[in-house]
Amino acid sequence: MKIHSCLSAILLFLFFSASSAKQNVRTERISGSAGDVLEDDPVGKLKVYVYELPSKYNKKLLQKDPRCLTHMFAAEIFMHRFLLSSPVRTRNPDEADWFYTPIYPTCDLTPTGLPLPFKSPRMMRSSIQLISSNWPYWNRTEGADHFFVVPHDFGACFHYQEEKAIERGILPLLQRATLVQTFGQRNHVCLDEGSITIPPFAPPQKMQAHFIPPDIPRSIFVYFRGLFYDVNNDPEGGYYARGARAAVWENFKNNPLFDISTDHPTTYYEDMQRAIFCLCPLGWAPWSPRLVEAVVFGCIPVIIADDIVLPFADAIPWEEIGVFVAEKDVPELDTILTSIPTEVILRKQRLLANPSMKRAMLFPQPAQPGDAFHQILNGLARKLPHDKSIYLKTGEKALNWTAGPVADLKPW
C-alpha cells in the first residue's frame, strides 16, 4: 500500500471513530425526481388480478419446506401474500391492468438450503398452460399484460451457472411477460429490457433485532464476510465472481484497514453498523443480500460487479449512496476508498440514513408504504397504459410452445 493512502485511511479512520455518531443521525432527502419516485403511492394507479392456482404451485411447496420463507429468493412468496390483501387487487379480471400468476419456482431446496432450479421451467410452463386454458386473458396478449416473480440467480434463465443460463436464455413462454427479478446486468440475455429489478429478500425482523445505538462509532474501515473461493465448483477462483473476490483476498488479507474473512460471526449485523464501507462483490451472480444489508445498516456499499443493474434504479440514487469499483480495479481498492473526500462520505451516510431508502429495500410483514412491494407496484404502474399493439388478433400467435430444451417440455 502506498504511504499516502495508508496515512489518508488512518486519518479517516480516526475521524469517523470520533465523529460519525454525531453525523450519522442526520438524514438527507433524495433530491429531484428520484426522491419523488421513491415516495410514490401506487394505490389507485393500477389494478392487479391474482390467478387462483392449485396449491401445488405455491402453498404445498412451502408446507413441504418452510425454509423457503427465509431464503434470499423468498420475494416470490411474500409478493403473493402481499397482493392477496393489497388494495390494488381486483377480483374482476375484466378491469385488471396486470395479471399475476402466484408460483414459487425457487422453493425447491437441497438439504443444505441451495435452490434447485431444474424443475422451474416445467412448473412455469405448467402454470401458463393452466391459466391459458381456464381464462381468456393470457391468450389475448400471450402474457404481455402478465408479470411473474422470478428471483433466481439468473432470473427466468433458470440456472445458477452463468454459462448454462446464457445457453438456456429466458424461458420462451415468458418472452412477452414482465419479469420481476433480482438478477440485473446490462446487455445480458437473462435480463429483458422491460424487467423490474428488485432487491433479494433479507429478513427484516431479524435485522431489526440487531440494530445497535446510533452513537456507536464506525470504527471499521472496510468490512466483508463471505466466500473468496468456491472450493467445490471453482477452487482456483478464476471463474467464481470472475476472480474479483479472489483478488480482494489476495491483495488485502493482511491489510489492517480491511476486516475481511470467510467467517460469519454472530455479530455480523452489528459489525456492518460499525463499518464505513461494506464490500458488495459479485458471486456467481452480480447481486447478493449484502447490498440490502449495507443500505439498511448505513454502511456505504462498495459495488464490485461490472454492468450490474441495481434494484429500483429509477428511484434509488445508487451513484450517490454507493461506491462503484470496476472488477479490474480491485487491486487498487485501498487507494480508491482512501481517496474519497470526507464530505462525500458524510453525504452518502446522510442519504443512507433516510428511512425511505431502507424501506425500499425490504419486504416487511406487514407491508409498509414505500417498501419493496410498493416499489414493484410503482414499476408496474409506470408501464401503463399498455400499448394497443400487445393485443393479438384472433388466431394470431407470437410464442412457440415447443421451443426450449427437451427436458423443459416434460409434464410437471
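Glycine residues also receive a Cβ, built from the backbone N, Cα and C atoms like all the rest.
Here Swiss-Prot gives transmembrane segment for one range in the set 1-21, 274-294: that range is 1-21. The CA atom of N400 (N-linked glycosylation site) is located 13 Å away from the CA atom of N139 (N-linked glycosylation site). Within the model, the topological domain 'Lumenal' (22-412) shows a mean pLDDT value of 93, rounded to a whole number. When the glycosylation sites N139, N400 are compared by the number of other CB atoms within 10 angstroms of each CB, N400 has the fewest.
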